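Peer 1: Structure incoming, see below.
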């Protein structure tokens, strides 16, 4: 049985502490793939909510000081329960506050995986040749080496996504080559992927394989959607991408998947 | 004239104190059906905003302590003005904070109606055989009895929605049997229904009939949408459901409506 | 080269301090037209974020006291850097708090342009014959005179939008006559326009011409979208409008543009 099938059978509940821009898209995307979302950033309940969940997603896209406290509480409850905690360091290099927040979360919590673009991953390990522009990645370079360096430096599974997606821990590196550039024209597609990774990571099995399958499912769904005759731009891609996440089969993933071990 | 026609003629302004996940969908859905939305949770203005509105919706989906204070202020202004106040107890059983918040709102305000799924309604009256899972309902049981018990216990109109929708006050019970399961794959469809109920309740007439018509209009719109040849999943259902709310006629409601008095 | 082409070449980063209802739509719309969005209302980083941006948008749609402080910080950083600051006074006349907030922002910041409907612009200059209803405009009158009066009184570029769009500063007045009424059934279409105006204003050139072109591009995209055979209501207009913003050409704008100097 694939991880996608296991996910759809178990519908893991994912507690998202995420930014206001992508909350709706994230919730709809988690439902579409077969998981269940819950959203809460209130310090009055984040520990309780994390404790009834199967995974916790921390996304700093519109982070405030209060949100940082909520993330620490939810992350600690998740660590105590032994469920995965995924960090999405949105725009980590854009402001000092975002970078400090990421380091604080990495210091005080046991983070299972980090999903970010090249600029964000580079910012986390002080690689200044990578540039960010707001929350988007800019610059070009060897993303495989960057992901490997970050995995070693942060002792954490890294999912560096972009034109090429790189999954690296301290021992293994896998590259995924599916996807469509148009997906980047929809806001929150990286954020939703981070939430979906959290759902896959909540299943039994080795983390690298689960993340590779999750990224393949996600990017192949975007390929299927963009090929739909009704898709004419980013606006129409949005509903058809959600449909593709809902309807994609393990067979379609197997046929289209482009994965290389590095 | 049906309540739908009256609503479209008067376009009632509904003040929504709701969660960040569904704000956009709620606003678009209220516009589509023919009402007008306003959103504010700032304690600096919620009383003023409620005072110029025709109804107030309190939805605890991403509630914080500050939001509770805002809801009390808006609810009291609405009670003073004599306009309906609807409570959507999202995930009431998920955390102690949510349950305490619901009880505080029910104690301090005059709530016109509560719209929730079976798990949420059960949590409000301490029926522990019903289970919740995050913000989704789980478990199975006699929803008619549950709604009736809640209506008596909370002395409030109950709209318990799910596969079967039950509308109950202390004297009457009506069951609505329209709808499509796929609607549950879109986040916020329960939340939007609560806002639309608030709009219908702001019209002149008996509350049970207004709520029954609102639920029929809403669920029949979902049937019309899901039958559209372009709808292939939850992603495409979203725009066509909003279109159906916009175009649905009293005639279509009359033809398809499945309602039973219990 | 048109401003649209310049914008797509330079993809200006726009810092949006905007309401929770429209964040997702605003981000997707900015990406679609060819700009880049960033959202932050945290006082811990708004100055830094404004300093790396090309323009700042202040939208009071769900304003709180904390947000006002963030807007002042971001606006001052933008003024210092010499980039445009656009105010969207959503529902300015709906509550005293909103009106006071607008006046405070106008007093303490150098605002480049204000984009609002007739009721909102009227409220800002104390014209009581215009009525607002929540965040929507109500009432009828001479919008050209109203915009001119506001431009003089507030010494600021005014973009008054509605059935007729009026762009006025103290010396010039231009009227734009494109668009479709159905666009008003989607929440946040005024808000997104304000963000897009900010992106156009960040380019080199005279402000009135940039705003006129931005409004023409936006309203003509809505005409193209509503003519699409798959658009049957506000729900389907949403994705096709985003597609039209993404695909619209300077040639299409030139052919359809209806602009008059007054």
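Note: Cβ is positioned from N, Cα and C throughout, glycine not excepted.
Nobody curates TrEMBL annotations by hand; they come from automatic prediction.
OK, TrEMBL features for this one:
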BINDING   B:39, B:188  substrate binding site
BINDING   B:115, B:161  ATP binding site
Peer 1: With 8 Å as the upper Cβ-Cβ limit, not reached, which of the binding-site residues B:39, B:115, B:161, B:188 neighbour chain C?
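Peer 2: So the ones by chain C are B:39.
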Peer 1: Using a Cβ cut-off under 8 Å and a sequence separation of 6 or more, which residues in the same chain sit near residue B:39 (substrate binding site)?
Peer 2: B:15, B:16, B:17, B:18, B:23, B:26, B:27
Peer 1: Measuring Cα to Cα, how many angstrom lie between residue B:188 (substrate binding site) and residue B:115 (ATP binding site)?
Peer 2: 13
Peer 1: Run through the Cβ atoms and count how many others sit within 10 Å of the one on residue B:115 (ATP binding site).
Peer 2: 30
Peer 1: Is any of the binding-site residues B:39, B:115, B:161 near chain A, in the sense of a CB under 8 A from one of its CBs, and if so which?
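Peer 2: Near chain A, no listed binding-site residues qualify.
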Peer 1: CB neighbours of residue B:161 (ATP binding site) within 10 A?
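Peer 2: Neighbour count, Cβ to Cβ under the 10 Å cut-off: 28.
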Peer 1: Give the number of CB atoms, excluding that of residue B:188 (substrate binding site) itself, located within 10 Å of its CB.
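Peer 2: Summing over all protein chains shown, residue B:188 (substrate binding site) has 26 other Cβ atoms within 10 Å.
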